[in-house]
């Protein structure tokens, strides 16, 4: 028996959705434990592309229980739209296979309004927020001013808490951000309508997950964003507002750490980042444009073009250490086909001195200079490779070198967007 956590090993957008989709076959429950609809998973099933922002990727498999845990912040409108779309396509036929934690926090209209207004006033200090209200919702959770799902489903409690909190939120919007206030009656009616839909999905998910663990079922924990966006261990302040690392599994789902047997970090064969913040290997030349175009590097949530750069072994070693990774799933190796040579960042220098790890201060991180080694590329189309041995010699050498630099075994190699374009070297569930 194995329970597996999936986390991003870079700055998000590493291809977690595809890997989760593959591993779902071996799991009974798929659990999201942090984040909100600021992340998007893009899955290609046959010739169909499916983009999910809240509902776990496992929903595309019949007979699997998908759980959105207490560590997630939920936009009811987005969740309901995803449900409707899945039902219309015949992919959600049993509501009992999708559960929401009664303790998760609800994103309110004022969270989104505040998020957008703050970013607009930030000038050249923009974080790069998606404007979905994620950060302000987590602020209220920590400040004990949040509205949980269980509160939303009790109209009297919801009305009282909304009225209390809206006084402060409207003061902030009007007096400090120069925005129009939110309307109490409008929010009350709109969200009371959402509550009736959400009621069918609410449960004590921590209890359910632990009961399933006791029964010997296999759990797959699905992370969002990436290690370098973690609120504590990421490139602060250019981070998200939740714990994206493996430690967030426990607090975001209600399970103890002894139940997590494998932690798989997802990494592209190069690096991308959306929004502001340090990125030592970022490319501003034709190679960067080529990676962006070949990899389709545009955000599934925002549509923004992603910043692209060469593989950064410093980042991956940091992710291995911070998460305790037991394996790495390497995605988008096929995007590198056609490059005459490929660079790998093996270390950084700062003011002429070699660094042992990533600097904590963003100002120092911004000034880091990457140290590169160069490997020969390959011209063959590898998207049809079914085994590691079928890859060109230089592609195999590249993967092996990344594994050496990471200090962690590569357990999966993705050579295309489809499920069947995957080489599994070791299955963490078996």
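Just so you know, glycine gets a Cβ as well, placed from its N, Cα and C.
What you are looking at is a predicted structure, and each value in this text was computed from that prediction instead of being measured.
Features of the protein shown, as given by Swiss-Prot:
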type     : residues                                                : note
BINDING  : 12-18, 40-42, 306, 332-334, 414-416                     : GTP binding site
BINDING  : 13, 14, 15, 16, 38, 39, 40, 41, 130, 144, 225, 240, 304 : IMP binding site
BINDING  : 13, 40                                                  : Mg(2+) binding site
ACT_SITE : 13                                                      : active site, proton acceptor
ACT_SITE : 41                                                      : active site, proton donor
BINDING  : 300, 301, 302, 303, 304, 305, 306                       : substrate binding site
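Considering only the residues assigned to IMP binding, 13, 14, 15, 16, 38, 39, 40, 41, 130, 144, 225, 240, 304, the longest pairwise Cα distance works out to 34 Å.
If you draw a 10 Å sphere around the CB of residue 18 (GTP binding site), it holds 26 other CB atoms from the protein chains shown.
Each of the binding-site residues 42, 130, 225 was assessed for Cβ neighbours inside 10 Å, and the highest tally belongs to 225. For the pair residue 333 (GTP binding site) and residue 41 (active site, proton donor), the C-alpha distance works out to 18 angstrom. If you draw a 10 Å sphere around the CB of residue 306 (substrate binding site), it holds 22 other CB atoms from the protein chains shown. In space, 225 is the closest of the binding-site residues 130, 225, 305, 306 to the residue listed as 'active site, proton donor', judged by Cα positions. Around the Cβ of residue 333 (GTP binding site), the number of neighbouring Cβ atoms within 10 Å comes to 25. In the shown protein chains, 13 other C-beta atoms lie within 10 A of the C-beta of residue 304 (IMP binding site). Put plainly, the binding-site residues 12, 303 were compared by Cβ crowding within 10 Å, and the winner is 12.
With respect to their backbone Cα atoms, residue 225 (IMP binding site) and residue 18 (GTP binding site) stand 14 Å from each other.
Cα separation, residue 13 (IMP binding site) to residue 415 (GTP binding site), rounded: 16 Å. The sparsest Cβ neighbourhood within 10 Å, among the listed binding-site residues (15, 305), is found at 305.
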